[in-house]
Each structure stands twice: as structure tokens, then as C-alpha cells.
Number of protein chains: 4
Amino acid sequence: MTAHATLDHIPREILCAADYEALAPQFIAAPALAYIAGASGEERTLRANRRAFDRWQILPRLLRDVTAGHTRSTLFGRAWQHPIALAPLAYQTLVHPAGETDTARGAAAADACLTVSTLATCPIEDIARASEGEKWFQLYFQPKREATLDLIQRAEQAGYTALVVTLDASVQSPSRRALRTGVSLPDAVNLARYGAAPQRALAADASVIFQGAMREAPTWADLRWLLSATRLPVLVKGVLRADDALALGEAGVAGLVVSNHGGRALDGVPASLAALPAIRRAVGRDLPVLLDSGVRSGSDIFKALALGASAVLVGRLQVYALSVAGALGVAHLLRTLHQELELCMAMAGCATLAEIDSSLICENPDVDPD
Amino acid sequence: MTAHATLDHIPREILCAADYEALAPQFIAAPALAYIAGASGEERTLRANRRAFDRWQILPRLLRDVTAGHTRSTLFGRAWQHPIALAPLAYQTLVHPAGETDTARGAAAADACLTVSTLATCPIEDIARASEGEKWFQLYFQPKREATLDLIQRAEQAGYTALVVTLDASVQSPSRRALRTGVSLPDAVNLARYGAAPQRALAADASVIFQGAMREAPTWADLRWLLSATRLPVLVKGVLRADDALALGEAGVAGLVVSNHGGRALDGVPASLAALPAIRRAVGRDLPVLLDSGVRSGSDIFKALALGASAVLVGRLQVYALSVAGALGVAHLLRTLHQELELCMAMAGCATLAEIDSSLICENPDVDPD
Amino acid sequence: MTAHATLDHIPREILCAADYEALAPQFIAAPALAYIAGASGEERTLRANRRAFDRWQILPRLLRDVTAGHTRSTLFGRAWQHPIALAPLAYQTLVHPAGETDTARGAAAADACLTVSTLATCPIEDIARASEGEKWFQLYFQPKREATLDLIQRAEQAGYTALVVTLDASVQSPSRRALRTGVSLPDAVNLARYGAAPQRALAADASVIFQGAMREAPTWADLRWLLSATRLPVLVKGVLRADDALALGEAGVAGLVVSNHGGRALDGVPASLAALPAIRRAVGRDLPVLLDSGVRSGSDIFKALALGASAVLVGRLQVYALSVAGALGVAHLLRTLHQELELCMAMAGCATLAEIDSSLICENPDVDPD
Amino acid sequence: MTAHATLDHIPREILCAADYEALAPQFIAAPALAYIAGASGEERTLRANRRAFDRWQILPRLLRDVTAGHTRSTLFGRAWQHPIALAPLAYQTLVHPAGETDTARGAAAADACLTVSTLATCPIEDIARASEGEKWFQLYFQPKREATLDLIQRAEQAGYTALVVTLDASVQSPSRRALRTGVSLPDAVNLARYGAAPQRALAADASVIFQGAMREAPTWADLRWLLSATRLPVLVKGVLRADDALALGEAGVAGLVVSNHGGRALDGVPASLAALPAIRRAVGRDLPVLLDSGVRSGSDIFKALALGASAVLVGRLQVYALSVAGALGVAHLLRTLHQELELCMAMAGCATLAEIDSSLICENPDVDPD
Ligand SMILES: Cc1cc2nc3c(=O)[nH]c(=O)nc-3n(C[C@H](O)[C@H](O)[C@H](O)COP(=O)(O)O)c2cc1C
Ligand SMILES: Cc1cc2nc3c(=O)[nH]c(=O)nc-3n(C[C@H](O)[C@H](O)[C@H](O)COP(=O)(O)O)c2cc1C
Ligand SMILES: Cc1cc2nc3c(=O)[nH]c(=O)nc-3n(C[C@H](O)[C@H](O)[C@H](O)COP(=O)(O)O)c2cc1C
Ligand SMILES: Cc1cc2nc3c(=O)[nH]c(=O)nc-3n(C[C@H](O)[C@H](O)[C@H](O)COP(=O)(O)O)c2cc1C
């Protein structure tokens, strides 16, 4: 089966945000789809991410007047129309020739904050120009500190308003699905100018993991350096432990993203949603805590907010929507999620995000098997 | 496959009440069936409704003399032969040309209280004439208060003895199943004389949910108005929270229907049965608390009563029975449920409804997966 | 497919007792199999019976000397070689021309106590003659007390050493499986001489359950009468509640059979094994408490004993073995179960039944789905 | 399908250690595979072993510097490069002509301790010569004590550095899978010189289990004799109870292997991993406690260590790797497991085995069904 070309309209099959996932296989070639849909190891965390949302139910309140309702909030000193942002996703030209620039257009059209990956396939400056909306830059530490610094400065100059440093992916390897289909990834154009990583020979009894791959992994010292090296707020992505969250808050990060990289980092870690409540309790009410991994609907977002999230990031759905209908698809996806959230709030009797708290949810006695 | 015409006898395949659900696909055209069987969103609440009954087991008492047994009770000041009533179901001509009038005949034949939907496809006056039995009118608040008032007065005059105001369906949308088959719904004839809802333009940045659909949703103020606008007892349908239940009781409603609209309102809310015990505890023993959503057998009814319900309403099964054998089917369905309840009582050693309490049930250690 | 004729040897496919269940469909005609294998309602209790055994694991003790091991015990004042008896099963000529007499021969050959049903298809006197071993008579109360008394006296004279009065089947109806295949049951020859039950007209508003079927159901008064009407020890079969168990013990019964009739009485009741611990706690250590429903292997028996059973009764497996190889099959089944129990004891470090206690088992964290 | 001949390279399909299990059916004839893959009874313990690992999740710690990381430890007074050893597996010529000698070569190449079964199909002296690495001898007590003693002395002389006495397999019978395919096992060459077990007639009423098979089963007296009969450290394999573990430690064993024989001893016992925490608590921190049964990946090993294991043994995977690529396969399997463990440690922020403790794991709220 060949993948369809991107449409210039939203197909009728799309009845809800999650339908983009169902439709994507018709628009993305199989190897690229395996790369995107797959996750690490046995994909246990991938499945856990979805099930974690099923573990909660919504307990709607009746007869509330929500006619003045809205989804606005203030995050990092700025007004957000809704708590739905785009997660950083590498290599978007895999699914659409315009890649991240079209995603940026879609995000801007839907008033959604966009996070651009270090591994974008369009120059980050071009992406920035494609959107007047809020946009963040996702940073992977580079083998050479100069390269990291250069990336930061380019992001600052291009108008990105925050850095999201991703910490859970020190060792990256394609999923087994992807290895089996033999995907070939495009270039991460933004890294081209920094040259290849320095080759260092490993001692005979050295470990390719500890002394090899982990040589470039960021440590607390690197994070402290980063915090001093930029004027932008720094969010840390990939937090799953309450003790790490607390220490990060004390170290001065501007916010956290509770995330397991959509199941693509270490397989077998908890669902992000499962990790969220303890993290929110640890850091208190003031530090912004975002969440991603598994968000597929407005009711997922409602549950994340009820459990303490300040906002959510949407990962795979964004490239599925991009593959189906380009910028239009991305904008439609975001608007659909927004509307699903509003519907859920309205029917649960919540007029504002602040009203969504844990009294509106309860544990699901039976979780659906996959 | 074309749907069979309604039969003039009960087919041999019907061995229990739930068999009407299995047989219905042969008697209802696929789009109408999708509309009826379907539920909102992922249909999680639809599944939860069934599983909630599986979470309980019955602990039968031996050697009791039940030869004087019966299922009578007094509810809302009237004698009921059994605690099984019909839930309000819209658009019944979808499955049978005589629609709600035949349902009314069936209910009367089986001594069952009938609830007629605002969205009936027969005039509520005609339906009332078709039954000498107990009948209630289910009210949806109308955009114009005059229309709501007119509906109430028509119901009062037609002989309906209670109003059931449904509060969990402020935003209604067909299920995805229904959207995919493209069902077309008949007219809600009783609303014809009130004209279309007033069109009001939405502000550019307004939400189609909060400032749109929810504009007409009832609030506490509307409920208080309703209580003052009718001399009939008012039941509230769609309650899932104990705090709402308590407040409604204090506001003066005559009874509650613990319901999630058979999974057709907000998807992801708890099963009605799961919500029941806390609600019964909150309101105490005196306020009638009915339950619907998922009732398919006499043992389901037994469990609902053991967990605090005063009676149950039967939703989808009624139209399945109507599709199979018209009024005869509805009467047979109700008699079968009644007999299944009696069998369950007899074998559990209960001679009266009052004897069915929580000492007769226990938690099921393993819930069957779907 | 036609059912095979009974074999004169044990087929090689039989590697364990439970294999008789797998093989039976080749030896029993489909309608009879539906009657035997089926259970009431949704067959939830049928499934629960099996799952209840899976809820427990065995924690084997190492290095015990069990070379003097055995499975003997004293029950009702008599020596038992092993704690495995045959449950009463009606209508055994359905699966084998020699019916209950062959079962009796098989039981005797395997030193197993036999329970003969009121609804046997061979005269109870003939069955008694076919076995020199221990045998009990299962009593269903008859519409006429004279008939009940006559049955008791025939059993006493024929050499039955205990009465097992079954209390959980006041209303009997074939399973839906059986109704769908249209089985026709043979005559219960032992009841022929008592004539048909007296026909009494029901009042117009009477219930066919309460005033109909339950008219003949035994009550506490009937049980007290029975205890005074026989010199045999009376066991009560069908107990699931601790309070009933306690009251029965106080009323003077000689023993209890914790049973749900293999899922054939009220559907939705707990597994027998799940009900056992509370019953053993209620009656203390002295009253014999037997268990049936779901026993398929030696490790099932081990678990039942560890949870407080004095012995177990084997239901369906006996007619499966009878269908495969007649008396030989029944004897082989019983010897296989016995050996499986011994193996389990040996590997768990138990030399006697008395050593099998709850310290040898633990809860299974994950129960296999069906 | 005929089984492929062993390869001289690692096939591309092997992406992780567990893939050897998926590939093995192409390299092992069906009867031998049934013998190896199968387990006793219903294979409930076999499944439980895998699920037990799924019951835990890993909670990774961020930003740790692990560039000095390693997996070394000291066990039984010797330096281990990593905590991954080979479990004793009988009859390895079933899958590869070179049998245990090739396994030994693979183990040595990967710095892994090897355990050679009493039932090896190569002489234990030859196997010892094939490996300069650490190697242990697994002892089954023999019917004649002289034979047992001779085996011990041969092991001592051949350079084995510990005895692993297996206690959970007093009665051995092939799995039902194996019986159904009719596998024929090769000779256990090392036992040839001891002649057949003495035949003793059983008394007529004796049990083939208690007085038969268990006659040769080791008891506490035998274990005490063994401890006095060898200068080698003695590990006991097959421990699942905390009380046994404590008593064994007090009796002077050098270490324990928490094991259920990969589900091949008594079916229905707990997963080894489930039994581990209580055993570690009972014996304290000092006694080495190894674990096997179900280990398939580096994250399994991580979880076992976090729950108290000192090291793990790998069972079936070793013969699967042997069947695929001989000594090369075994070495590759062990290196892959080692690397998977390192990756897991690195991504969880652990630089040494000592850092892997229970704060790094948490219970999985939802266990995947099989
Ligand atoms: C194809 C793909 C590429 C990704 N690339 C990056 C990346 O470059 N940087 C990053 O921090 N996260 C990356 N992620 C993780 C996402 O930011 C996000 O955490 C994850 O997709 C959320 O889960 P979801 O897909 O279930 O929404 C990627 C995820 C996918 C699926
Ligand atoms: C086709 C259909 C139409 C319905 N129409 C109405 C309605 O008009 N008013 C209302 O209050 N509830 C309506 N309901 C909800 C039912 O009253 C009831 O709550 C639900 O069907 C109970 O669940 P059950 O179908 O599992 O018995 C409808 C349900 C169905 C299936
Ligand atoms: C075909 C069939 C007939 C039965 N007939 C009787 C009976 O006549 N009297 C009785 O007390 N129990 C009867 N039982 C119930 C059994 O005595 C026993 O409780 C049940 O079979 C135990 O469950 P099992 O089949 O899982 O072992 C019958 C069960 C079956 C399957
Ligand atoms: C084919 C096979 C043969 C085995 N032979 C022995 C043996 O001779 N001695 C022994 O102690 N354990 C033996 N075992 C058990 C293993 O040592 C080990 O406990 C088990 O395989 C661990 O489970 P795993 O296969 O899931 O890793 C054998 C296991 C298998 C699968």
C-alpha cells in the first residue's frame, strides 16, 4: 500500500482527535510509521501510557452555570488560550514535505504553543518565521558545549521563548518495529554545522554504555551550566520521580514536563499520568508541571489537569494530523482537542481550568485490557 | 441484511430478557441499531455499566419460606407491583411504526411504570391514552421557558403522574457508531409547536461549547423554577455524585435517577451501579433512588436493590423488545425481568424487596473481561 | 459428529484428570454434553468456580521426609483412603448404557465414596449392589412427604450410609446451552412409584415462582423433620454462607457440602472455594465440611484442603470418565486425581492431610483470564 | 518443518536477548522444543514467571553521572564481571551436537559463570576443559550415596568451584507438551557408571508417590551429610519459602537460588520473582541469593537485583542461543543481556549494582495479560 498524499481538507472519517491515529497508516509509509508509532523494548510503557488514562473516571457535577466558561490560563508569565501545546517531535519531513514549518503554521492557527525539536528537519529559524505564536525550543545537549551554546543562542535569536531540555533519552535507539522495517531517517539539519561528534577509542574492558554512550549524557553539573547560560526559562522534560522533581525545582528550572518520551526512552517505566500526582505533591502548586505521553483526547487532558498538570503536550497525534492534512490537519487536531476538553469541562460542570481538581475524578474499578 | 418485520409472537430464541439484545439486530436496520446500541466517545461508560453488575455476587440464604413472597412496594405514594419501570427513550418509531404507543401498551400489560421522553415520536397525549398504567413524563428543558412550561402542562393534563427531568445531556451528539452509519432521526413531534430554537450569533472568540451549546443548559436556578412550576413530583435523572444527590434532596426533588444515560452522556463517567452506594448513603433511606444503565436481567435488578436502589429503569432492552414483537414484546420483556427477579429472590431466600440488602451480596473477586 | 462408543481401555490422550473434560465431546452426543457441561444463566458461577482455584498458589516446603506419607483420614466415623468422593449426578444413562451402576463399580474399585442422586437412572437398590464401597444417597425433598420418607427408607435399606440433602436447587431449569440443543432427559426411575406432583391451581395474581415453584421448596421445618426421620447422618449440600453453615451445624447436621451445584443453581453466586474459608471459620474444626464445584485436579484438591475442606466431591469429571471408558474410566479418573494429590503433597512436603494447611498456600497476584 | 542447522553468525533478527526464544523454533526440532519450552501441569507457574516481572516498573533517576559505571561484584569470594550466570540445563545435545561443551565456551567468552547439570550429555570433565571461566556443578542426589559422593568428587577434581543442589524436582515428569510430541531424551552420560537405580518392590497398598518416587528424595539429613561431604560451597536451588531460606542459611549453605525450575517442578507455585523479597528479608543482606525462572532481558535482571537478588541464572534462553549459533550464540546472548542491563542501569541513573535498590522500582498498576 502506498501512502496517500496529504489532503487539503479534513476527511470525514475524523470524528475525534484520536481518529488521526487510526487514519495515519493511510498517509505515512510503513517504515516511517513504524518509527513514529513504535516505542522502545516491549512497548510496555507505550501501552501503560494509554491505560493510565483509563484508570480514572470523571464524576460530573450537575446544574452548574458554565456560560462564562473558558480554558485560559497564565503560564510562564504569558496568556494561554488553552492548555494544549505541541511536544517536540523530530524528523517531521518524514511525513510531510513542509515538515515542521507546516506544523508551526497549524499551531499558530490554533493558538497553541509549539515545541521545536533539536532534531527538526527544517532550520529552526525558518520554523520560527512560520509562526507568530508562542514557541519553545527543545534542547538535546550536544557532545561539544560550544554546539549546545550555539543552539541556545540561535533559539533565543529566532524568538523561541523557552528551552525544553530533554533528559530521558541519553541513549537513543530506534524501536524494534522501526529496526524491522528498516526506516531511514532524514538529516537533523540544525546540527549540520557542528560537525560529527568527536571519536574517542574505548578501553578494551570499557563498557559501550557507561564509558561509551553515556559519556555525553547531561549531569546535574551540565544542567546548572545551562541555567546560567541562557536568559530563557528552562523546562526539564522526562521527569518521572518526585525526588528529581523537587531537586529540579530547587535548582531553578522554570517548569517540568512529566514524560516518558511516549514510551520511547527506557521501556518499563511508569505511565506519565501515573507519575504525575506524586510529582505535583512534591513541588507544590506553584511550579508549572506539564505532561505528555498518551494524550489522545479532551478527556485525557481533563484527567491530567485534575491530577495536577498545568498543561499537556501532544506528541504523535501532531505528526499524524500533519500527514493527513498538513498545517490544516495540525490546526484541526488542536481545535478538536480544545473542543473535546471544553465539552468535557462543560458536562462535568467546570467553567475554568482552576475548577478541574481531583474531586472531579475517581478511580476506575476496572481498566479495559488493551 | 434487511430487518425483519415485527412478530406477533415471542420467538423461541428468547430464553431470558437479555436475549432481546442479541435478537434485535435482526429486527432493527443497521443505522437505527447503531444509534440505539451506541454510546458516546470510546463507549467506556457503556462497558463499565455492564461490568459494574459483574463486580457483585449474590450470597443465597438457604431454607427460607418464601411462599408468601411478592415484589410489591410503595413508591411516590402509589403501589407498585414490581420495581421495574421503563426508562425514557427517544424516537421509538425508528424501530416500530406504532412507536411509543405500543411501548405504553406493553408497559400497562405488565403493570410497569412508563417514562415518556420529550423526544417521543408519538404525541404524548396519544401515548397517555394507550396506557391506563402509571406513566411519567421525561422533561428536557427547552430553549424557551414558555415551551418548557407548555410541555409540563400538557403532561399534567394528559395524566402523567411525575416529571423526570434529565440533567446529564446538555450537549447531545450521536455516537461515533451512529455517525459512521449515517442514521437519520425522525421528528420529535411534541416539540414541533414550539418552533426552532432562537439563533444567536457567537462572538468571534466565544466557545461553541461554553457560550454556544451550554447557553440552554439547565442550572440550579432553572431547577428551582421547575419545582415551583409544577404540582407533579419531580425526579432528577442523571445523578452520579453524592454531593449533588444531597443538594437535590435538600432542594426538594421527589426522587433521583442514578444514571449515566446508558453511557450516552459524557463518556468516561462511572457506571451507575458503582455510583449508587455513595448516593444512597448520602441521601439516607427515605428519598426514592432509582437506577438505570446496564440493567439486563433479574439478577442485575437484585444487585441494584441490594445496593440501595428503590427501583430500576430499563432502557435499550425496551426498544429491542418493541422491535421484535411490539407491545407484546415489551410486555414479555417486563414479565421476564419480573420473573427473573422473583427467581433470584426465591433462590436467595428473600420473600420481599425489603429483605434484599447488602448482606445478600458480596464483591466478585474476579470481574469477567468483556 | 457422532459420539464414540465407550472404550475398554484408557486412551493415551489422558495425561491428567482434567483431560477427561477435553475428551468427553468425542464420547457424548452434543445435546447431552450441553446438558452436562452447561450451567445456569450467563454461566458466571461456572467460570468463577475454576478461577477460584487459580487465585491460590502452593508454597512448597523443601527437604521433608514424606516416605511414610498417605492420604487417609476418618470421616463420619469411617476410614477413608483418600479425600475424593463422587458428587451426585443425575441421569447417567445419558452418557453410558450402564449408567450409575458402572459409576458405582468404578468408585468401589478406587476406594471412593459414591453419592447417588435422587434422579439416578438406575434403581438405587441396583446401584448399591454394584458397589461394596462407601455410598451415600443424595436426597431431593419430594412434593409428598410420604415419598420423601419412602426414598429415605429405601436408601437406608439398600445400604447407603449417609443422606446428602441438596438445598440449592429449589427451582431447576436446564441451562440455556441445553435448551438451545434441545436435550431430552431420561426418566428418574426411582421416582416413578411416587406418581406425579399434585397439581394446584395458582391464584390469578399469584407468582409462578413464589406461590408456584417454591411451594415444594424445603424450609428449616422440613430439615428438622428430616433429621428426626432418619438414623443416617445428614449432610447438607449447597451451603455458601457462613451464617447458614453455623445454623446448620447447630441444627444437628452431620456435615456440610460447600457447593454451588457446579454453577447450575443460581447463577452469579460465589465460587464454592471462595465461600469455603469463612464457612470453615464459622463452624470450627470439628464439623466435616466437604466441597465441590470446579475440582479438576489434585492441586485443586490440595488447595481445597488447605482452605479447610475435609474432602471434595467430583462432579462433571465423573460422567466424562464414564462416557470415555465406563467403570474403568471412573476408577482411572479417581486414581489419577488421587495420585495428582499425592504428587502435590509430596512436592509440597506434606506427608498427611493434616499437614496441608493455609501456610502451604498463598494468594496468586495475577489470576489467568479464562 | 525441519530445524535449521546452527549458524556461524548471529542472525539479523536478533535485536534483543528475548529474540532467541522467538527464533528457536526454527533451530530446534518440535519434540525437543516441546521438552525445553514446556513446563509442568497447566503451565501456570511458567506464565506467572513472566508476569511477575511485568508487575514492576522502573523509576529512572535523572542527571546522574554514570561514566565510571560497571556491573562488577564479589560473590562467593570471587570477582564477577556481571551478575548473569547460566542455569543448569540437562540434555543439551538435544539442540546442538557439541552440547554443553559449546555452552561452556560461550560462557567463558562472556565472562559468565556456568552451571553444569548432573544430567549433562557431555562428560563433566570435558565440559570443564572447554572453559577457563567460573563453573559450578549442579547436583541431583543419586539413589546410592556412593554415586552422589563420586559425582561430587569428580566435580571437585574437574575444577568446579561450587555445588548447586537442586531440591525442587524430587519427582520429575516431562511436560504434557513433551508427552504429546513424544520427545526421546539422550543419555545422561555422567550417570552411566553408577548403574540403574535399585529396584524395590512396592507393597500392595503403598503409594507410588510417597513410598515410590519419594524414596530417593533428599531430606534435611541428606543435606547435612552433603555439607560435610564436600569442601566446595553448596548452593541450594529451588527455594520459594522464607522459612526454608532461613533454615537453609542456618544449616550453613553458601547461597540460595530462588527458583521454581522455570515452571517445571510443581505447577501452581509462585513466580520466583514474587518469592524473592520475603526470602531476602528473611536471610538478611549477607547470604548470596540468586534467582532464576523467567529472566529474558536486562530489565528483568535489573528488577531482580532491585528486589534483592545477588545475581540471576539464565535457563531456557541459553539453549535457544546454543541452537541458533552454538558457543557464539551463547556468548552473544550473555553479552546482549549484559548490555541490556547496563543500558537499563545507565538510563535509571545507576553506576553500580549496589545502587540498584527498591527505590528504583515501583509496582505496575496494570499487568499485561499474556
Ligand atoms: C517520532 C517521535 C519523535 C520524537 N522526537 C523527540 C525529540 O526530538 N525530542 C524530544 O524531547 N522528544 C521527542 N519525542 C517525544 C515527544 O516529545 C513526546 O514526549 C511523546 O511523543 C509524547 O507521547 P505521545 O506521542 O503519546 O503524545 C518524539 C516522539 C516521537 C513519537
Ligand atoms: C436510543 C436511546 C434514546 C434515549 N433517549 C432518552 C431521552 O430521550 N431522554 C432521557 O432522559 N434518556 C434517554 N435515554 C437514556 C435512557 O433513559 C436510559 O438512561 C438508558 O438507556 C439506560 O441504559 P440502558 O440502555 O443500558 O438500560 C436514551 C437511551 C437510548 C439508548
Ligand atoms: C449433569 C449434572 C447433574 C447433576 N445432578 C445433581 C443431582 O441430581 N443432585 C445434586 O445434588 N447435584 C447434582 N449436580 C451437582 C453436582 O452434585 C455437583 O455439585 C457439581 O457437579 C460440582 O461441580 P463440578 O461439576 O464442577 O465438579 C449435578 C451436576 C451435573 C453437572
Ligand atoms: C530443558 C531444561 C532442562 C533443565 N534441566 C535442569 C537440570 O538438569 N537441573 C536443574 O537444577 N535445573 C534444570 N532446569 C531448570 C533450570 O536450571 C532453571 O531453573 C530454569 O530453566 C529457569 O527458568 P528459565 O528457563 O525461565 O530461565 C532445566 C530447565 C530446562 C528448561
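Going from the start of the chain as shown, residues are counted 1 onward.
In case you wondered, yes, glycine gets a Cβ from its N, Cα and C as well.
Just so you know, TrEMBL annotations never went through curation; they're auto-generated.
What TrEMBL annotates here:
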ACT_SITE  B:His261  active site, proton acceptor
BINDING   B:Tyr35, B:Tyr140, B:His261, B:Arg264  glyoxylate binding site
BINDING   B:88-90, B:Ser117, B:Gln138, B:Thr166, B:Lys237, B:Ser259, B:292-296, B:315-316  FMN binding site
DOMAIN    B:9-366  domain 'FMN hydroxy acid dehydrogenase'
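Taking only the Cα positions, the spacing between B:Asp292 (FMN binding site) and B:Tyr140 (glyoxylate binding site) is 18 angstrom.
Most buried of the binding-site residues B:Tyr35, B:Tyr140, judged by other Cβ atoms within 10 Å, is B:Tyr35.
Cβ neighbour count for B:Lys237 (FMN binding site) (all protein chains, 10 Å cutoff from its Cβ): 24. Looking only at the recorded positions B:Tyr35, B:Tyr140, B:His261, B:Arg264, the one with its C-alpha closest to B:Gly294 (FMN binding site) is B:His261. With a 10 A radius on its CB, the residue listed as 'active site, proton acceptor' counts 25 other CB atoms from all the protein chains.
When secondary structure is read from DSSP and collapsed to three states, B:Lys237 (FMN binding site) falls in the strand class.
Filtering B:Tyr140, B:His261, B:Arg296, B:Arg316 by Cβ distance to ligand 2 (under 6 A) retains the following recorded positions: B:His261, B:Arg316. Under DSSP, B:His261 (active site, proton acceptor) is assigned to a helix (H, G or I) in the three-state scheme. Residues from the recorded positions list (B:Gln138, B:His261, B:Arg316) with a C-beta closer than 6 Å to any atom of ligand 1: none. Across the structure, the residue listed as 'active site, proton acceptor' and B:Pro88 (FMN binding site) place their CA atoms 10 angstrom apart. Among the listed binding-site residues, namely B:Arg264, B:Arg296, B:Arg316, the Cβ with the most fellow Cβ atoms inside 10 Å is that of B:Arg264.
Taking the C-alpha positions, the distance from B:Arg264 (glyoxylate binding site) to B:Arg316 (FMN binding site) comes to 11 Å. Counting in whole angstrom, B:Pro88 (FMN binding site) lies 11 from B:Tyr140 (glyoxylate binding site) by their C-alpha atoms. Neighbour list (B:Ala90 (FMN binding site), Cβ cut-off 8 Å, at least 6 residues apart, same chain): B:Ser117, B:Thr118, B:Leu119, B:Ala120, B:Thr121, B:Ala188. Annotation note: B:Tyr35 (glyoxylate binding site) sits in a helical segment as assigned by DSSP. Rounded to a whole value, the Cα-Cα separation of B:Tyr140 (glyoxylate binding site) and B:Lys237 (FMN binding site) is 10 Å. Take the CB of B:Gly294 (FMN binding site) and look out to 10 A: across all protein chains shown you find 27 other CB atoms. Taking only the Cα positions, the spacing between B:Lys237 (FMN binding site) and B:Tyr35 (glyoxylate binding site) is 21 angstrom. Around the Cβ of B:Gln138 (FMN binding site), the number of neighbouring Cβ atoms within 10 Å comes to 25.
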